[in-house]
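Enquirer: Once you've had a glance at the structure underneath, I'll fire off some questions.
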Amino acid sequence: MPTREARKLIAVDLDQTLCHTLDSLVEWHNDTYCTNFSVTDFHTLDYWKVWGGTREETYRKIREFYDSSYFDRIKPVKDFALEALKMLKKRHFQLVIITSRQQFIAEKTKKFIDRHYPGIFESIYFCNLYLTEREKLEYISKPKSLICQEIGVDVLIDDSLEHALDCTRLNMNILLYDRQGKYTWNHHDLPPRINRVFNWKQVMAQFPKPSSPLKHCIYSFDDYNIYFNQQYRHTYFQYETIEVEEESDDEPHGDENELSYHFIRDNSVYV
């Protein structure tokens, strides 16, 4: 009897891919430190290169942000992300989150996922990046590429150019999420294994059903010419139309949607 093909494993980044963390961070920084930054000022994810100060001072600021109400009010990405993930889940793809966040905000992270993406993800892996010297004594830091390799990721969806490039050495496909072409921190020429997508409908277009007549269709550049610099255009996806199932409303929020996770000591905190 032929064996059943293993489910494809899709790893999804969290900040700026599933939620608008930078928007809340910028708002918090402006209100707390009397600055006037906007998200468009961030051409790098090394925040100290934008608002000044040292790397260590930025780590301290980020911890202050974690403890603020601004962090608790982070909004989810709404450009078809939930609907796309529901479709992938329905089609039996295995979905996990791999985030650069640290484990000491695991509970807040879990609550956000349970509220806005209930029942979608099987595990949440924390890379524990950007640790202070004291935190390094307690937490294990791993690059995203290593976690992808350890758990056998087939596809990574991420907004970080650094993580995407690091994963090119692995036998996996990488979708670089560049929401509406506004994520200037990842605007760079891309190698063949990385493909740029501008929204979650374009993400879904990369997973056509085997019998789909739309598999080889292309998408006109006219819809997004206004966003993008000519020098990057050859790295973008080209789709004329995509196949989608019915769009669903956000599911009701509340305790009934809370998932029960088990704590595991390592980067894979919730499984």
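Quick reminder: no glycine exception, Cβ is built from N, Cα and C everywhere.
Please treat TrEMBL annotations as automatic predictions, because they have not gone through curation.
From TrEMBL, here are the annotated features:
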- Asp13: active site, nucleophile (ACT_SITE)
- Asp15: active site, proton donor (ACT_SITE)
Enquirer: Under 8 Å between C-beta atoms and at least six apart in sequence, can you list the same-chain neighbours of Asp15 (active site, proton donor), or say none if there are none?
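Expert: In sequence order, Thr21, Leu22, Thr99, Ser100, Arg101, Asp159 meet the Cβ cut-off.
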Enquirer: Within 10 Å of the Cβ of Asp13 (active site, nucleophile), how many other Cβ atoms can be counted across all chains shown?
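Expert: Step by step: centre on the Cβ of Asp13 (active site, nucleophile), count other Cβ atoms within 10 Å, giving 22.
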Enquirer: Under a three-state reading of DSSP, tell me whether the residue listed as 'active site, proton donor' is helix, strand or coil.
Expert: strand
